[in-house]
């Protein structure tokens, strides 16, 4: 049975490629999802990708990942990263190895972006690498759960 990882993208990430391209670049959400599926497959993993603008739906998807025994979770909570205790608590509650990803370097931006509730629940955070951060997150997650790339 193939192990799965959940890749969750929060609010406004559906606008990748058109929203503030000087900050977020020109790659689209479809590009992110294709990159995640391709990278995960190198480790024998299936990437289950979701995007939602709703906080409660992110919490539900985290619970779903646990129920379906996902091997890991990669999450870009968008603006909810800086505000959502509920998402933090969901990650802590399910105890799935989690990597937080941000396309931009949140620490080089507005001060309110410097705090992340998700980071406090994740074993790692990547930011500022553009969509390449998702690939790096999968590499780190695979190492964390003991998987090597298939040749």
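The backbone N, Cα and C atoms fix where each Cβ goes, and this holds for glycine too.
As written in Swiss-Prot, here are the features:
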{"type": "SITE", "residues": "19", "note": "site 'Transition state stabilizer'"}
{"type": "ACT_SITE", "residues": "24", "note": "active site, proton acceptor"}
{"type": "BINDING", "residues": "76, 82, 89, 103, 104, 113", "note": "substrate binding site"}
{"type": "ACT_SITE", "residues": "102", "note": "active site, proton donor"}
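Here the features listed in Swiss-Prot are painted onto the structure.
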{"residue": "19", "record": "site 'Transition state stabilizer'", "DSSP class": "coil"}
{"residue": "24", "record": "active site, proton acceptor", "DSSP class": "helix"}
{"residue": "76", "record": "substrate binding site", "DSSP class": "strand"}
{"residue": "82", "record": "substrate binding site", "DSSP class": "helix"}
{"residue": "89", "record": "substrate binding site", "DSSP class": "helix"}
{"residue": "102", "record": "active site, proton donor", "DSSP class": "strand"}
Looking only at C-alpha atoms, tell me how far residue 76 (substrate binding site) is from residue 102 (active site, proton donor), rounded to the nearest Å.
6
Looking at Cβ-Cβ distances, which residues of the chain lie under 8 angstroms from residue 104 (substrate binding site) while being 6 or more apart from it?
23, 24, 127, 128
Nearest to residue 19 (site 'Transition state stabilizer') by Cα, among 82, 89, 102 (recorded positions)?
102
Residue 102 (active site, proton donor) CB neighbourhood, other CB atoms within 10 A:
23
Within 10 Å of each Cβ, count the other Cβ atoms, then let me know which of the recorded positions 19, 82 comes out lowest.
19
Just the number: how many Å between the Cα atoms of residue 89 (substrate binding site) and the residue listed as 'active site, proton donor'?
19
Recorded positions listed as 24, 76, 89, least Cβ neighbours within 10 Å:
89
How many other Cβ atoms sit within 10 Å of the Cβ of residue 103 (substrate binding site)?
24
